[in-house]
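> Feature annotation from TrEMBL assigns domain 'MobA-like NTP transferase' to 14-165. Taken from TrEMBL, the feature GTP binding site covers 17, 18, 19, 29, 74, 106. Annotation source TrEMBL lists Mg(2+) binding site at 106.
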């Protein structure tokens with residue numbers, strides 16, 4: 001499935017998590033305008049330049065802009081990105097993938113070169129490869145093996161919701177990344193600032 005240089009045994013797909021409530025933004029992030037598309041559309045387009053298969057994980061009943069991706073839904077709403085990760089991993093398994101690149105709909109600045117670097121970081125003794133901004137890990141700009149699906153489900157069943165605590169229990173590698181690529185657009189001010197920067201090129 002992957003066009004990215006990776007171990008021949010790896011089949012990688014792309015996953016975008018869009019099920020958050022976007023409370024601080026005030027409206028659904030996925031439908032916000034970005035260039036000639038939407039935030040979700042722009043991210044899906046980037047992933048389609050790297051992977052043959054792209055999956056969007058949405059909340060139950062969530063309306064989405066039209067995108068060229070497979071849409072799957074969380075079984076339970078409002079359980080955060082860990083639930084979305086589990087849903088996406090399950091979809092990836094159905095597609096025959098052995099690993100997934102996972103991101104959220106509020107990180108539109110990640111470029112294909114970084115995604116490829118994360119995929120290349122996979123080797124036999126790691127469960128995940130995380131982007132690192134020099135200060136902290138970024139579990140939603142990361143590649144996960146689909147074998148961690150069982151751990152994700154067990155964590156959810158135990159009441160865990162934190163992605164950081166979840167990845168702390170995995171064997172991880174890290175790829176240093178430009179912090180500008182990892183900026184999250186959480187508020188309207190974040191979004192407007194990022195739009196201005198994108199317009200300046």
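Glycine is treated like the rest: Cβ placed from N, Cα and C.
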> Note down the number of other Cβ atoms within 10 Å of the Cβ of residue 29 (GTP binding site), including every protein chain shown.
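Around residue 29 (GTP binding site), other Cβ atoms within 10 Å: 24.
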> Under 8 Å Cβ to Cβ from residue 17 (GTP binding site), same chain, six or more residues apart: give me those in sequence order, or none if nothing qualifies.
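Result: 57, 81, 84, 85, 88, 102, 103, 104, 105, 140.
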> For each of 74, 106, count the other CB atoms within 10 A of its CB; which of these binding-site residues has the top count?
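Going through 74, 106 one by one, the largest Cβ count within 10 Å is at 106.
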> Enumerate same-chain residues with a sequence separation of six or more from residue 19 (GTP binding site) and a Cβ-Cβ distance below 8 A; give 'none' if the list is empty.
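Expected: 57, 58, 59, 62, 74, 77, 83, 84.
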> Under 8 Å Cβ to Cβ from residue 18 (GTP binding site), same chain, six or more residues apart: give me those in sequence order, or none if nothing qualifies.
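Same-chain residues close to residue 18 (GTP binding site) (Cβ under 8 Å, separated by 6 or more) are 29, 30, 40, 56, 57, 58, 59, 62, 64, 104, 105.
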> Could you check what DSSP calls residue 29 (GTP binding site) once collapsed to helix, strand or coil?
helix
> Through the lens of DSSP with three states only, how would you label residue 17 (GTP binding site)?
strand
> Mean pLDDT over the domain 'MobA-like NTP transferase' (14-165): what is the value?
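That stretch averages a pLDDT of 93.
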